[in-house]
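For reference, TrEMBL has these:
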- 27-34, 147-150, V176, 184-187: ATP binding site (BINDING)
- H34: active site, proton donor (ACT_SITE)
- Q61, Q153: (R)-pantoate binding site (BINDING)
- Q61: beta-alanine binding site (BINDING)
Amino acid sequence: MEIVKTIPELLLAKKKFATPPVLVPTMGALHDGHFALIHKARDIAGPNGVVVVSLFVNPIQFNNASDLENYPSTLEADLAACERLGVDLVFTPETASLYAENRSVLISESSLSSKLCGATRPGHFDGVCTVVAKLFNLFTPIDAVFGKKDYQQLAIISRLVRDLNFPIIIHGVDTVREADGLALSSRNVRLTPEHRKQAPGIYAALKCAADRVTQGAVEPSVLLKLIQKQLSESAPDARLDYLECVDAATLQSINQIDRKCVIAIAAFFGNVRLIDNIELTSQF
Ligand SMILES: Nc1ncnc2c1ncn2[C@@H]1O[C@H](COP(=O)(O)OP(=O)(O)OP(=O)(O)O)[C@@H](O)[C@H]1O
Ligand SMILES: CC(C)(CO)[C@@H](O)C(=O)[O-]
Ligand code: BAL
């Protein structure tokens, strides 16, 4: 496995690739969710293809300085895991090697990012789109793999690829969960023991709402109230950042469950912000 830190090194390493790579962009602090992405990348690439992983905590997508400062970093363990999983190349750039000091170009998506995390983390998706476009330009992958835990991000990156004609196929991987249902997330390690106990309440409440839909419930407002009630009982310390039922394609709020939709949630436990979602697709 090759580890490269700079763009010149990356461009040199790329010359040795027999095929265009399959890219897995991450911010490091790898866990089983990331490993599922890497497995998917290997499936796509095949045994002789090239799988590359980027580990980069992208400062320009953070709207909160202390969130950036406290973002977990486990570089040695990440590199060992990538090696074990048969990754061909890991890219761990310094911020200065990716961003010019006087940079003045930003990629902005203006529709799918208007709600949910886009509304509560201003500028976040401009940062995501910009760094992902850079990674696409640097690696020229044929495929790239993202997780459905970040549902809105996956939708926005698919739109970025469509609207800017990146010749790349975007693959989504189902959310990997702890045995108690909590979505794996690098930020989970920052939960206090008490908040870690409460956090599975998020997915439990989402599932309960999804079950109601299976039984015929069609009013998003009823479902959202049910989730809020459940959360207040199972996770009393959770502070909602948003909770919405949105059209799965447009990510705009809906009044009736009459098409593929997603319930998306973000909640704070102390200063740790977790996101999760559930797709309500089985009926449509
Ligand atoms: N539990 C998970 N299941 C599947 N994919 C995941 C999971 N967690 C993260 N991913 C995906 O891994 C990629 C990198 O995400 P990232 O490095 O931000 O990890 P993270 O665990 O989402 O961290 P955090 O949410 O704390 O920022 C993204 O495509 C993300 O959707
Ligand atoms: C896609 C990504 C690596 C861009 O920094 C990040 O938003 C993430 O880890 O989901
Ligand atoms: N997983 C999305 C990256 C972020 O929270 O900034």
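Quick reminder: no glycine exception, Cβ is built from N, Cα and C everywhere.
L30 (ATP binding site) sits 19 Å from Q61 ((R)-pantoate binding site), taking the Cα positions as reference.
Nearest to V176 (ATP binding site) in space, judged by Cα atoms and limited to the recorded positions H34, Q61, Q153, is H34. Only S186 of the binding-site residues listed as L30, Q61, S186 bring a Cβ under 6 Å of any atom of ligand 1; the order follows the sequence. Residue pair G33 (ATP binding site) / Q61 ((R)-pantoate binding site) shows a Cα separation of 20 Å. Highlighted here would be the recorded positions (L30, H34, K148, S186) whose C-beta falls below 6 Å from ligand 2, but none qualifies. Proximity of the recorded positions L30, H34, Q61, K148, V176 to ligand 3, judged by a Cβ distance under 6 angstroms to any of its atoms, singles out Q61 in sequence order. Secondary structure at M27 (ATP binding site), taken from DSSP and collapsed to helix, strand or coil, is coil. Residue density at Q61 ((R)-pantoate binding site): 20 other Cβ atoms are found within 10 A of its Cβ, drawing on all protein chains shown. For M27 (ATP binding site), the Cβ neighbour count at a 10 Å cut-off comes to 18, with all displayed protein chains included. The Cβ of K148 (ATP binding site) has L154, G172, V173, D174, T175, N277, E279 as same-chain neighbours under 8 Å, each 6 or more residues away in sequence. Here the Cα atom of H34 (active site, proton donor) is found 10 Å from that of S186 (ATP binding site). Its Cβ placed at the centre, G33 (ATP binding site) has 21 other Cβ atoms within 10 Å. Separation of the C-alpha atoms of Q61 ((R)-pantoate binding site) and S186 (ATP binding site): 16 Å, rounded to the nearest whole number. Here S186 (ATP binding site) comes close to M27, G28, A29, L30, H31, Y71, P72: these same-chain residues lie at least six apart in sequence, with C-beta atoms under 8 angstroms from its C-beta.
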